[in-house]
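The compositional bias 'Polar residues' annotation in TrEMBL covers 7-16. For 1-38, the entry in TrEMBL reads region 'Disordered'. Look at TrEMBL and you will find 57-86, 107-126, 146-169, 181-200, 206-231, 243-265, 316-338 tagged as transmembrane segment.
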Amino acid sequence: MEKENNIALSSAGTSRVRQRKRSNEVIPEPSKPNGGTLLVDDRNKYKSMWIRTYSTVWMIGGFALVVYMGHLYITAMVVVIQIFMAKELFNLLRKAHEDEHLPGFRLLNWHFFFTAMLFVYGRLLSQPLVNSVTPDKFLYQFVSSLIKYQMAICYFLYIAGFMWFILTLKKNMYKYQFRQYAWTHMILIVVFTQSSFTVANIFEGIFWFLLPASLIVINDIFAYVVGFFFGRTPLIKLSPKKTWEGFIGASVTTMISAFVLANILGRFQWLTCPRKDLSTGWLQCDPGPLFKPEYYTLPGWISQWFPWKEISILPVQWHALCLGLFASIIAPFGGFFASGFKRAFKIKDFGDSIPGHGGITDRMDCQMVMAVFAYIYHQSFIVREGISVEMILDQVLTNLTFEEQQTLLAKLGQILQDRLGHS
């Protein structure tokens, strides 16, 4: 009888262990000691805040220097960040054992990456490139030919990569190779395609790059500061330290900052002028109606308390409120996506090596989401509809030969002379 009881107890214990194992498969892994606590309850929060503040100042200083240097340097910064992000993501699902049996397979990822870069940046920078080489007849003809056949060149480069992939397929490695192939294309869509909109915004005017990027930084900083002092209510499980108090406080601050910052940045022509070529240096241009101040008279009861009787507002400030609203509510979900992604694959952020900035991927995802929205908003609500002189010149310079352009100029001159004669 005692033996039977022992057997029953052991079987019950075994079933409990099995149940615990099953439950462990479902229950998420416990958070790290500092990862699951709110900032207000973190004993090391002041040390962390000092490290974060120190590194933030250096990063913002470096960013400001690059912006000061101009469009090309900002574009180069974006390209470098793209390459580093792609490198980290390419290595994410890499398995050393499988790669040993696939020599040269890693190069295929970079072949697709640089093919996509040639296609996207070739389309975005074609007109500035043509404007840069126009004085030189040989370079102009060479660049015009490259632009004309750029799509075909990129297509055949992609086909070459596709054939390269097929020829490298090996038995017992098919699943791994096709997983890498799909992973590469997902990186190009999620990372490269979105961040390429950033470059498009830069050449529309540094203002349209700097304002959205600054709003993301401001939102992130004030979400941290408000959560640091007042955060009590968790916002989302993906980011345990995010709180509703920080989210709401950052939203209000971002909206106010968007309105004020647009007024400050909008008064500098070198920030608002679009870049039409690939030269360096500051620009001067007609700022356009969006950046010309409009004056509003304040009510009498306000002038009794404050010395101002009227205020000047740039029309672009009203558009900045829309950007601020998006940066406050929608863009943070890009960071939540990155947080969930890292937890799904149990990986560290490639920004962990920077003190106090272990969530750089989260911020970059927010920046990419914001860059896409800023580009779409600019093209939908800012750019004037219809055909412009720049659009016509773009078509003439890229699609007509030099002789055809001379013929067009002669005919256009004759038509204008006839009209002047009749008038």
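Using N, Cα and C of the backbone, Cβ positions are placed for all residues, glycine too.
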| task | Could you tell me what the rest of the chain brings near the transmembrane segment (206-231), counting residues at least six beyond its ends with Cβ under 8 Å? | result | 38-40, 45, 49, 52, 56, 60, 67, 70-71, 74, 198, 241-251, 253-254, 257-258, 261-262, 265-266, 270-272, 316, 320, 323-324, 327-328, 331-332, 335, 363, 366-367, 370-371, 373-375, 378
| said: Under 8 Å for C-beta pairs, could you tell me which stretch among 57-86, 107-126, 146-169 has the largest tally with the transmembrane segment (181-200)? | reply: 107-126
| query | Where among 57-86, 146-169, 243-265, 316-338 do we find the most Cβ pairs under 8 Å to the transmembrane segment (107-126)? | reply | 146-169
| Restricting to the same chain and to residues at least six past its boundaries, which positions have a Cβ under 8 Å from a Cβ of the transmembrane segment (316-338)? | 207, 211-212, 215-216, 218-220, 223, 236, 238-239, 247, 250-251, 254-255, 257-259, 261-263, 266, 290-291, 359, 361-370, 373-374, 377, 381-382
